[in-house]
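According to Swiss-Prot, the ATP binding site annotation covers T68, V69, G70, G71, T72, G73, K74, T75, on the basis of sequence analysis.
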Amino acid sequence: MNSSLATYWRALASGTRRSLPDRSLLSLLVPFSLLYALIQRLRAVLYRVRLLKSRRLPRPVISVGNLTVGGTGKTPVTAHIARWLLAEGYRVAVLSRGYGGSLEGHTAVVSDGRTVMMEAEQCGDEPFLLSSTIPGLMVVMGSDRFSAGMLAMEQLAPDVFLLDDGYQHLRLTRDLNILLLDHALPFGNGWTLPAGVLREPTSAAGRADLVIRTRCPRIAPCPSPLPGIPSCTARHSLGNVIPLGNGAAFPMESLRGRRVLAFAGIADPYGFFEELREQGLNLVAELAMPDHVAYDDNRIAEIGRRLHGSGAEFAVTTEKDGVKLLGLQRECAEKILLARLELIIADPAPLTDALRNLLQK
């Protein structure tokens, strides 16, 4: 799916497009969504009555996931929890599918906590980003997260597992189930795929032990859409900027008013562009690409053309995109800056209490 079609579908499925032609197209997709929802409900029931089996790892498992396709900030939340656990002295292993990597489907160690053993194009964006930015964090990839966890037990001896994007991975038993919900559109338009953005019906939210409401505005309250389940409020903030390759990080504020090309291949590139504008950057050109995009020669050439043709002083992208550009040897490489995304949890007590209660058992 190209970026413009993906953007249109996301607007349609999230309920932000409501014209008559849009509603007509949506109505054609609804029967498929009803069938998809029925299949997902049946699958959940089969796991609940144990006709489909979940397997348990010998160490506690903390799952971080969501109900919708696209970005709700899973990787920043996973990174935040990983850093907290490491600071508490635990040996932490992240279990990731390795989506988008050339070795997707293989079970392998991405990082042993000291050495990153793969490139981003092999293991995927998120495992490489976590491995390369969090010292001491172990990362194992595999479509079967139980097998990945057992490999980690054999080779790395972790104290606790973090299951990245694991809400629907019911084959693995988890001890703490954390659900992320976008503040503005927690359930999209309410439909499952393909008429909506839901991976499961909204009733699946009841499996959560803790809800983290992401992308909350700085000052507006974020009431929980799931009363009775403990919840936290989180927002994302762009922190320091890091030059691609060599160079020291510097504050985003130093780019205020500067002419920049913004590009990103993430779930919500336009949200990233808007955050750059809020920081005071002058976006003279934008280049939105599909999530998990591969930066081949054609993509690199397009970035170079946009950079020079727009008169931009710099090109700014996300740190997640940047991990796929580290080996870039091009004239424009010295002008590419990586924006670091930081997670701020305003009320962390429900999260830290849940983590401590689990690990002190």
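Glycine is treated like the rest: Cβ placed from N, Cα and C.
Everything Swiss-Prot records as a feature, shown here on the structure.
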residue: T68; record: ATP binding site; Cβ contacts under 8 Å, 6 or more apart: D182, L185, F187, G188, V197, L198, R199
residue: V69; record: ATP binding site; Cβ contacts under 8 Å, 6 or more apart: L193, V197, R199, A267
residue: G70; record: ATP binding site; Cβ contacts under 8 Å, 6 or more apart: R10, V197, A267, D268, D291
residue: G71; record: ATP binding site; Cβ contacts under 8 Å, 6 or more apart: I266, A267, D268, G271, D291
residue: T72; record: ATP binding site; Cβ contacts under 8 Å, 6 or more apart: N66, L180, L181, D182, T214, R215
residue: G73; record: ATP binding site; Cβ contacts under 8 Å, 6 or more apart: L180, T214, R215, A234, H236, L343
residue: K74; record: ATP binding site; Cβ contacts under 8 Å, 6 or more apart: V64, G65, N66, E126, D164, D165, L180
residue: T75; record: ATP binding site; Cβ contacts under 8 Å, 6 or more apart: E126, L129, L130, D164, K320
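G71 (ATP binding site) falls outside any helix or strand according to DSSP and counts as coil.
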